[in-house]
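Structure first, commentary second.
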Amino acid sequence: MADYLFLIPLLPLIGFLINGLLIGRLPKPVISLVGCLSVGGALLLALLAFFELKGLPVEARVMQQVLFAWIPSGSFHVDIAFLLDPLSAVMILVVTGVGFLIHVYSVGYMHHDEGYGRYFAYLNLFTFSMLMLVLANNFLLMFVGWEGVGLCSYLLIGFWFEKKSASDAGKKAFIVNRIGDFGFLLGMFIIFWQVGSLDFATVMEKAPTAFSFGGGLITAACLLLFVGAIGKSAQIPLFVWLPDAMEGPTPVSALIHAATMVTAGVYMVVRSNVLYMMAPDALLVVAIIGAATALFAATIGLVQNDIKRVLAYSTVSQLGYMFLACGVAAFSAGIFHLMTHAFFKALLFLGAGSVIHAMSGEQDIRKMGGLRKYIRITYLTFLLATLAIAGIPGMSGFFSKDEILWQAFSSGHGSPIFWAIGLVTALLTTFYMFRLVYLTFHGTERMDTETKHHLHESPRSMTVPLMILGVLSVVGGWVGLPAVFGATNYFEHWLDPVTAKGSELVSESVHASGGGNAGLEMTLMFVTVLLVIGAWMLARYMYVRHTETATRVREKAGGLYTVLLNKYYIDEIYGFLIVRPFVGLSTFFWKIIDVLVIDGFVNGLARLGALSSDLLRFVQTGRVRSYATLFAAGVVLVIGFLILR
Amino acid sequence: MTDYVSTLSIDIGLIGPELALLIAAAVILLLIFTRKADRFATAIGLIGLVVSMVLTVRQWDVKVGGFSGMVTVDQFAVLFKLLFAVASGLTLLLAERYFHAKHIARPEFTALLLVSTMGMMVMAGTTDLIVIFLGLEIMSVPLYVMAGFNRRSLESNESGIKYFIMGAFATGFLLMGIALIYGASETTDLRRIVTDFSYIATNAKLFLFTGAALMMVGFGFKVGAVPFHSWIPDVYQGAPTPVTAFFSVAPKAAGFAALLRIFAYGLKDLGALSDVWWILAVLTMTVGNILALRQENVKRMLAYSSIAHAGYMLVALAVGGADAASAVIFYLIGYTLFNLGGFTVVALLETRAGSRADFSEMAGLSKAHPYLTATLALFMFSLSGFPPTVGFFGKFYLFSAAVKGGFIWLTVIGVMNSFVSVYYYLRVVKVSYFDQIEGRFVPAPLSAGVLFVLIVTAVGTLGFGLFPDNVLEIARRAIQAFA
């Protein structure tokens, strides 16, 4: 069994090789076919693997495939090997499923672009790297995928590299991520140092004995790994790259910067849940950073005017939600939200792409309005996704968000404060999402006549993925119905084999608290829903009914509004505190240390070499007699040395 | 594996590989009066070499002596004979194209090459000093002629004469050394010297030391150790390039075969030699590298580079022991491949009219010959010791044996020398990829033979670099013959 696992990442890799090596030589239909089919094939195999895994008894739901020893170096041994367990099964389904839809969508969206072949090559390379990341059976191979997706992210953000803002955004994403990767590497070093292996199974098996519970080393290792997650998943303080990443093509934003890559940090934390359970302090940090990011980004999202930037801040905020779940040891809730978020956020981005497509490239929502009449399918699917992210009962987002809120409140690692922050974030989310919907699709038509003339619904290749994702945004949550409804939470039990070991460590248990308070859980849920609907109505009041209120509020809160609009001036602060001193230091190293000291030394050495070369050349006269003299001198020296020593 | 069985018997099968080459050479010389003899000479030569290789490989698992102890067949001998045959065959394929382009193709060349190769095989396949000397002379005399093979070229003539004079000079020292050893031990058979070593060392110390010193000088000349190296640049530059390619690998390997046989086996307990080898190694690699820095001619640069490589390999003799000896055999195998490969590219470029193989002529090469340039770059990276080429692992095994033996400073000097060498090797890469030329680069047409040589050497350079373990294992087995 499982001997086809390697094909899942291999297919997109082949797609990448075909599209990448034959760049500029293939006609567009072939490129699309190769690009989509390779990911489609991977999706089919992922489904096959999923059902095979599901057919196994719960305890036996692990498949490993070792391809070959990658680094067999003494005690350091790393394999190229894949691990399929309930967690990675969910991930590969999300990656290939959403990935496939976005590939199809891209066929329509990128149709007129000159870099069509390059685009699909990158996209396939990304899918390959992401699958390596989630299928790896050890930290190092995961890191390979981790770096691979980072590279693809860089390439795709800067896809339109002739635009300076795009290439700058690419660089920013890459550099900020390097900070996180550095942490990831250090964390990995600590793990290898203490456990002697990087293999997930071995590390999770030996960690409880290799580390002391709550000790400094395990806390350091977890925090360092989390630094990696902060970079990749755009949390405070490294979130600054994600909003700028919207310079890339919109399907890329949907795939990489919403549905898959940015969730890699969450995946990694859940994958290492045993380690985190052993370091309660680290877990608390995860929860605090997650909650803070969720709230912080949501407040910025309130006032942004670029359709993609609103969604970008929303993504940062929702990722914070997932980390909040992880931080309160509700790992399955985190992954559940990761999955539903992948559906509705991908849909939101693709919908935004469809809007931008219709608006001839316009992204400013102040210049839109009333679009629902022109692009019906986009509007309806966008609305579905908005209902989902807002957490309207019955929609996917409701179940996952509610799960997180309840766990934040009730878990052994939770606290009412986390719940309160989560709730406020949920209300802010509802508000800014409906603000976006109303400003874009409702109200007065504010575009110029030229744009209005061109308004059209997108082609079938774009709307079909929208509709499929629309369905998923609704039903995607039904696999995780809350136990309090008397239903079975399939999703939580599905991940049990992965999280069980970690929860055994803390036996005073997180689980026990949940069941007894069914009444409380229902009450909190009810309150949340009521408030969310209230936030929705407020948005409706301000942006549909009495549009002048919005202006009034803006004027009243002048200072705060400006701060929010400028994203708390974080970029400027980083520029002042970090970038500027760094540039100064670099200039010093460049002009003084490098040019004068190092180059001087190196060039001096080279000059010395050249000089001695020129001197020695005098020995090489070209005359045999001088050669023989040298030879004879050598003989005398050798014999003399041997005899006289 | 059977042990050495020293018998009086005359067993023709033992010298099959040598005989095959001799017969092939004789056939060529007999048919020399026919028309187009130079065409089939190459073919006959190749057939002879292949037969010789097959016969050699079949001797891998035996360890016997014959001809009154004059001939020894063991894995050490077999490995070196194969190396000589491969180098010889590749040279032949390379030479055909070159000699035709220069209009100096003559069938005698093949015969000379075969006889010389036979001499090397004799050198590797014996434990008797006199037979080693005999092999050395059979090897050397054809080499003198080959160096001056381009009769119309003054430089080629000069090369032949210089090589001959210096060679004769060095031979005298070597023979004197053997005589002194005989005086000390009353034998020329290394096996008996090993058994009686403590007796000889106490009773005839002066003879032993002087004899050993003179043999060091004699073989030091062959492998190009400083200060016995001065013939190399002139001879290498003047000789036709395929001959230079052959010089830089085969006689050098033969010299090391004899050095290993004598100093890592026969006189391995003469500890005092280590210091002399230390000095010679450092001098050789340093002088070779420094002089290579400022060369403007690629052939001359490669000549100095071959001196530097001899210096690295001499480290093994200073260190001693099985690890170092197997490392140097590994090094020689790799070096034979990538050095021949490098010379092949140079020879190919030289077939263009008016070329002298100067650095400046390589500008624009990558545009005209992208694949050839990539191969050339591979050889240069291997020469300078970058992973994952075989050149890296050669240095790695050699220097790690040195570190294990406690030769830290020697290793440091060796590694620093490698750094220096990067400059002139990568200069080739830099000029051929980045320098611009006026007008168009005149391309050099490939022949099937040259293509074959390039493929074999490039695949070996990269393949043995990716999977070095098997080659090292073979080198280890060869060294076990000394145990």
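Just so you know, glycine gets a Cβ as well, placed from its N, Cα and C.
For the domain 'NADH-Ubiquinone oxidoreductase (complex I) chain 5 N-terminal' (A:70-120), the number of residues in each DSSP class (helix H, G, I; strand E, B; coil) is 29 helix, 13 strand, 9 coil. Taken from TrEMBL, the feature domain 'NADH-Ubiquinone oxidoreductase (complex I) chain 5 N-terminal' covers A:70-120.
According to TrEMBL, the feature domain 'NADH:quinone oxidoreductase/Mrp antiporter transmembrane' maps to A:136-429.
Taken from TrEMBL, the feature transmembrane segment covers A:6-23 (among others).
If you look up TrEMBL, you'll see A:30-51 (among others) marked as transmembrane segment. Listed by sequence, the residues of this chain that lie at least six past the ends of the transmembrane segment (A:30-51) yet keep a Cβ under 8 A from its Cβ atoms are 2, 4-5, 7-9, 11-12, 14-16, 18-19, 63, 84, 89, 92-93, 95-97, 99-100, 103-104, 106-107, 116-117, 120, 123-124, 127, 131.
For the transmembrane segment (A:119-137), the list of distant contacts is 5, 8-10, 12-13, 15-16, 19-20, 23, 31-32, 34-35, 38-39, 42, 64, 66, 79, 81-84, 88, 91-92, 95-96, 99, 102-103, 106, 110, 113, 144-149, 151-153, 155-156, 159, 199-201, 249, 251-252, 255-256, 260-261, 264, 267: same-chain residues at least six beyond its ends, Cβ to Cβ under 8 Å. The transmembrane segment feature in TrEMBL is assigned to A:119-137 (among others).
Under the heading transmembrane segment, TrEMBL lists A:143-161 (among others). Sequence-distant contacts of the transmembrane segment (A:143-161) (same chain, six or more residues past either end, CB-CB distance under 8 Å): 115, 118-119, 122-123, 125-126, 128-134, 136, 167, 169-171, 173-174, 177, 181, 184-185, 188, 228, 232, 244-245, 247-249, 252, 256-257, 260-261, 264, 268.
Non-local neighbours of the transmembrane segment (A:182-204) in the same chain are 62, 64, 75-79, 83, 137-140, 143, 146, 210-211, 217, 220-231, 271-272, 274-275, 501; each lies 6+ residues outside the stretch with a CB under 8 Å from one of its CB atoms. Summarising the annotation, TrEMBL assigns transmembrane segment to A:182-204 (among others).
Annotation comment: TrEMBL describes A:252-270 (among others) as transmembrane segment.
What TrEMBL lists as transmembrane segment is A:310-336 (among others).
According to TrEMBL, the feature transmembrane segment maps to A:342-359 (among others).
What TrEMBL records for A:379-399 (among others) is transmembrane segment.
The annotation transmembrane segment is assigned in TrEMBL to A:419-441 (among others). With a cut-off of 8 Å between Cβ atoms, the residues of this chain six or more beyond the transmembrane segment (A:419-441) that come close are 291-292, 294-295, 298-299, 301-302, 307, 310-311, 314, 317-318, 320-321, 324, 355, 365-366, 368-372, 379, 382-383, 386, 389-391, 401, 404-405, 408-409, 524, 528, 531-532, 534-536, 538-540, 542-544.
The transmembrane segment annotation in TrEMBL covers A:462-485 (among others).
The transmembrane segment annotation in TrEMBL covers A:524-544 (among others).
Tertiary neighbourhood of the transmembrane segment (A:379-399): same-chain residues 314, 318, 336, 340-341, 343-345, 347-348, 351-352, 355, 371-372, 426, 429-430, 433-434, 436-437, 440-441, 466-467, 469-470, 472-478, 480-482, 528-529, 532-533, 535-536, selected by CB-CB distance under 8 Å and a gap of 6+ residues from either end. Sequence-distant contacts of the transmembrane segment (A:310-336) (same chain, six or more residues past either end, CB-CB distance under 8 Å): 87, 90, 229, 233-235, 239, 242-243, 245-246, 253, 257-258, 262-263, 265-267, 269-270, 273, 276-277, 283-298, 300-301, 304, 345, 348-349, 352, 365, 389, 399-401, 403-404, 407-408, 411-414, 418, 421-422, 425, 428-429, 432-433, 436, 477, 480, 491-492, 494-496, 498-499, 502-503, 506, 510.
Ranked by Cβ pairs under 8 Å to the transmembrane segment (A:342-359), the stretches A:6-23, A:252-270, A:462-485, A:524-544 are led by A:462-485. Sequence-remote contacts of a segment are chain residues at least 6 beyond its ends whose Cβ falls under 8 Å from one of its Cβ atoms, and for the transmembrane segment (A:462-485) they are 98, 101-102, 104-105, 108-109, 336, 339-340, 343-344, 346-347, 350-351, 353-354, 357, 377-378, 380-381, 384-385, 388, 394-400, 402-403, 406, 491-492, 494, 514-515, 518, 521-522, 525.
Residues 390-393, 398, 402, 405-406, 409, 419, 423, 426-428, 430-432, 434-435, 438-439, 442-443, 482, 484, 550, 553 of the same chain sit 6 or more residues outside the transmembrane segment (A:524-544) yet have a Cβ under 8 Å from a Cβ within it.
The predicted model assigns the domain 'NADH-Ubiquinone oxidoreductase (complex I) chain 5 N-terminal' (A:70-120) a mean pLDDT of 89.
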